[in-house]
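The next block holds one structure in the form of structure tokens; read it before the comments.
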Amino acid sequence: MGAMGAEEMMDWEKMQGVGDGTEEKILVLVRLRPLSEKEIARNEVSDWECINSTTILYRNSLQERSGLPTACSFDRVFRGDCKTREVYEEGIKDIALSVVGGINSTIFAYGQTSSGKTYTMNGITEYTVADIYDYIQKHDERAFVLKFSAMEIYNEVVRDLLSSDNNQLRLLDDPEKGMIIEKLTDEILRDWDHLKELLSICEAQRQIGETSLNEKSSRSHQILRLTIESSAREFIGKGNSTTLAASVNFVDLAGSERASQALSVGQRLKEGCHINRSLLTLGTVIRKLSKGRHGHINYRDSKLTRILQPALGGNARTAIICTLSPARSHAEQSRNTLLFASCAKEVSTNAKVNVVMSDKALVKHLQKEVARLESELKAPGSTCDHGPFLKKKDVQIEKLEKEIRELKKQRDLAHSRIDDLLRTIENDKSSLKVNGIQSVNGKFKRNGSSELRHSQSYSSDDESDPSQITEEPMLATEEDSDEVCTDVRCIEVDESAKGRTCTSSRHSLSESEESMPLSSEPGNSHIVEQQLSPALPRQFIGTDNSYSYGALEQNIQGVQKTIDSLFKPHSDESSQGASTSMAASGGLQLTRSRSCRANLITISPDMGIDGHNESTPPSLLEKDFTGRPESVFQRKQWKLPPVIYGAGSARLTRNDSQTSDYNCFMDDTKNHNADDGDEDIPTLGSFVAGLREMAKLQYKNQTANQVQHTEATDEKNVQDVALDPMNDWPIKFEMLQKSIIELWQACNVSLVHRTYFILLIKDDLTDSIYMEVEHRRLSFLKETFSRGNFAVQDGRTLTLASSKKALRREREMLSRRMSKTFSEDERNKIYEEWGIDINSKRRRLRLVHLLWRDTEDMDHIRKSGAVVAKLIGFSTHGEAMKEMLGLSFMPPQRMMSRRSLRWKNSMAVMRSY
Ligand SMILES: Nc1ncnc2c1ncn2[C@@H]1O[C@H](COP(=O)(O)OP(=O)(O)OP(=O)(O)O)[C@@H](O)[C@H]1O
């Protein structure tokens, strides 16, 4: 079907001016019936009055007082004494007869049982059919074909009223015709008498039952459908005729009353439920449509609405006759009917003239259409369909834009790192000299032994200045007892502390600890840290020791070039080229280069060597990194190696082969743990296990990288030999050592862990692997914290705040061990050595807060380590310890070791306590 051609437009349509696709409201009529004999017998009174042709009034004084509306207006209202003919002529006829002009139409009767629906629809159907035949008679220039079908929906089952079998009809969705009713009889009408005959069959077939209100109540929804097809006789047989085809539906709905009101029981009650389901859906559809066609309209919720969908807001002209009983006893149902009518009159439909073309006419029409399209294609600026091409381009553009965003982020990060590095170099040239390191042509060289500073300095940004502890109000007068350590949560007023009342020293300590910035103050170690940051290219942190600023700058320029090239119009190929060239240049960590990622990943014990280039700790900037193979990244949760400890840290069991190894170095740790309940003391076993695991992975990765590297170029190999790590290791070790100490402090790493590390890992070349992985791990952790992110470690979430809290708890735990670990003389000696008045309050707490504070003073670090080692009952027994613990990691090419005297001497200091 399609739009009707001008030549086919019929007189009727020209006169009515409808069917042009414009919206038209549903016509809503209200018809009152007279009081029935039964109602009169019951002395029922009529409360309804049609005060004019469009307004119906409810005249019950009681109802008026209830505030309910009493007057309603519709397209037309009919009094009880009006004839059906009048209803038909003054409203329905126009719509019903649209069918002869190729426009679908539907006439509904809606109302409660016994209100006169069937009475009205019988008359309407008869008058319409009569007029149609009359029309046909008057228009013999056209050939008409009339078809009739009838169905009922009973208990949500569709039945064919013209078929003797009782089969249920299926509703099917046809891609061309829309919804069709399968196997519905479509009888071609011979004449008017034939139709009358069929109507009587329908009446006989329809489900009729008796209710308390209607002896012959229609229990089903009945739809009679008359389809009219017409063609101009002059074109018939010439192959180019067009046909108008449309249907008119006469719908006699079942009663809209509630089942209870019809005093229904048993079968009637079941019918009522189904009837109401269809009517409920009809009401919902009408209500939704009355508010505009927004959102989903639930036509499919009932057979009735599905079949009548075109009549409800679709391609049809629609009229609804709402029938009312005037009796006071039916007032509520009558009001419900009027409510439905009020909604219905807001619903619009969109009727069109339906034209069916013959095959020949269709071919002719299509040929015309092809010619039109061809001329459009040939014409300059043609509007041919570039859809697929444009879509592909859109995808490409989106991909490139995403890449540009990513590269911009990386560029900015690289710029900021360069700026930091330059600033640091500028600010700290003098410091470098003090520490025996100077920068020569962009490379850092060690210049003799560094001088160790003994002075304890506390930056205002550092952890709490322990000196402040003496100024805190004190509660206890004795040396910090366990109680005192517990009571630090609330310290009473000290008279000397003016203006201070009860406060929490825990809070004070916490505050001061938390004031420590993550970004290090400019200093020597900062240079090291910047150089060794995992965010820098591999050559800055890798084993080749090439700390070249120029190389970094080159990389930045490479990235910039790539970005610039991306901003130019380019094809997919150029984009790929840009990515490739960037990777080839060595890449920054946050680029698509995998080499840097490989370095980082090896520090994770959770990932096999195979995964070394698949994932990187998900930093803020990288989490949307498109170049990362998503499967592995999504599959594996990034975890830090288990080298920062807490309550959840793993302990080796007696079954573990390592147990006996490390227990021999723990003097009284177990006892301490049992006595004090210090479950937070990290075990040496888990420390060793984590370190070994990381080292293994790191070594495998380094080996893999070296193999690749060796195969790359011979020339490069020569250069690598010149930069033999054995030659550069002492310099690198010192830088790493200082940086690690800084990072421990910045990341609030456990003091026990620091102590284990500093006692076990020395400047032996065989330890370089541990130094490197520890440095990378800490750099990543610091970066993670500085971005406000968290890391996952041993299944626990680690944040800056949680690490501070853990460190504070550890210090408190260590303070509680003072009395048990050291004799009074030993304690006094330590207090003196650490500059703490032996009579001062909370001296134990003050001591532990001094430990590991001064990151620049190696003597302080060693002494701190010694105190902590004693407190946790850890003592070393000679150089063979590492071998016994299985920590000796000796890559074949590094068998020859070089040792630093300073680092080795630390052992002697530690044994002094
Ligand atoms: N306008 C009217 N004038 C005279 N009698 C009427 C009128 N409307 C209905 N009646 C009579 O009222 C009775 C009930 O009418 P009808 O069967 O049409 O109601 P209904 O709404 O179809 O009921 P149901 O839903 O139970 O089928 C019938 O006897 C019918 O002849």
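Even glycines carry a Cβ here, placed using N, Cα and C.
Straight from TrEMBL, the features:
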BINDING   G111, Q112, T113, S114, S115, G116, K117, T118  ATP binding site
COILED    356-424  coiled coil
COMPBIAS  443-459  compositional bias 'Polar residues'
COMPBIAS  574-589  compositional bias 'Polar residues'
DOMAIN    25-347  domain 'Kinesin motor'
REGION    443-482  region 'Disordered'
REGION    497-525  region 'Disordered'
REGION    567-589  region 'Disordered'
REGION    604-624  region 'Disordered'
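The Cβ of S115 (ATP binding site) lies under 8 Å from the Cβ of R33, G255, T323, L324, S325, H330, Q333, S334, T337, each of which sits 6+ residues away along the same chain. Least crowded of the binding-site residues (G111, G116), judged by neighbouring Cβ atoms within 10 Å of its own Cβ: G116. In the predicted structure, the domain 'Kinesin motor' (25-347) carries a mean pLDDT of 85. In terms of local Cβ density within 10 Å, S114 ranks first among the binding-site residues T113, S114, T118.
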